[in-house]
Amino acid sequence: MSVHIEAKQGEIAESILLPGDPLRAKYIAETFLEDVTCYNNVRGMLGFTGTYKGKRVSVQGTGMGVPSISIYVNELIQSYGVKNLIRVGTCGAIQKDVKVRDVIIAMTACTDSNMNRLTFPGFDFAPAANFDLLKKAYDAGTEKGLHVRVGNVLTADVFYRESMDIVKKLGDYGVLAVEMETTALYTLAAKYGVNALSVLTVSDHIFTGEETTSEERQTTFNEMIEIALDAAIQQ
């Protein structure tokens, strides 16, 4: 048991999916996994373990933003020995040719968070995905005939931003989309020597206004989830 996770040792698999929304964790467990058990309900942040295609896998809600995901990733790695962590979530497109419902696999993440600047004063640490996980996820997506993009994303600390000028400039430099957690996940994975990946579905476009409903975000992004699960069970 850790501070925010009440699981006993052995109840969490070495490979885990990390949705921000605990209701999405429940949806993934009920829709994709077999022989499911719920190991966590602390603060309503649900966690489940089951099997997918005969392989053991867990799914844990993390909440939104760098501080929240950092809590769960730290505890999953240090207290429960998790080795493969795959964030599954939504993002807002920045590039004109990135469309709603496209799948983005984050190769790396830039950020306006001070998390890494506190650890590396005067430096900008460049957190990156694990290549093996990335390739497996990319191959799984292309085999399904999906439009999968691989590249840089922005991990933002601010959801309601007063000006989008900096986001537009990052788009000019090739950043694909904006979300709120990947930098933290990749940095902590690097710190502890484990594998991490973010697989994201585009829920809206920052500049065109195209978007999906909140219900669709919870229940219909099955392709993203399948890609992540297929990558997880190959590790």
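Each Cβ is built from the backbone N, Cα and C atoms, and glycine gets one as well.
As written in Swiss-Prot, here are the features:
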type	residues	note
BINDING	H4, E162, E179, M180, E181, S203, D204	purine D-ribonucleoside binding site
BINDING	G20, R24, R43, R87, V88, G89, T90	phosphate binding site
ACT_SITE	D204	active site, proton donor
SITE	R217	site 'Important for catalytic activity'
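If you take the CA of G89 (phosphate binding site) and look 10 A around it, you hit none of the binding-site residues from H4, E162, D204.
In the structure shown, across all protein chains, R87 is the one of the binding-site residues H4, R24, R43, R87 with the greatest number of other Cβ atoms within 10 Å. Neighbour density for G20 (phosphate binding site): within 10 A of its CB lie 22 other CB atoms from the protein chains shown. H4 (purine D-ribonucleoside binding site) carries neither a helix nor a strand DSSP state and counts as coil.
In sequence order, T90 are the binding-site residues from G20, R24, R43, R87, V88, T90 with a C-alpha within 10 Å of the C-alpha of E179 (purine D-ribonucleoside binding site). Candidates H4, M180, D204 (binding-site residues) were compared with R43 (phosphate binding site); those inside 10 Å Cα-Cα are H4. The secondary structure of E162 (purine D-ribonucleoside binding site), as reduced to three states from DSSP, is coil rather than helix or strand. For the recorded site, D204 (purine D-ribonucleoside binding site), the DSSP three-state label reads strand. Rounded to the nearest whole angstrom, the C-alpha distance between V88 (phosphate binding site) and D204 (purine D-ribonucleoside binding site) is 16. Around D204 (purine D-ribonucleoside binding site), taking its Cβ as the centre, 16 other Cβ atoms fall within 10 Å, counting all chains. Looking only at Cα atoms, R87 (phosphate binding site) sits nearest to E181 among the binding-site residues H4, M180, E181, D204.
Residue environment of G89 (phosphate binding site) contains 25 other Cβ atoms, counted within 10 Å of its Cβ in all protein chains.
V88 (phosphate binding site) carries a strand DSSP state (E or B).
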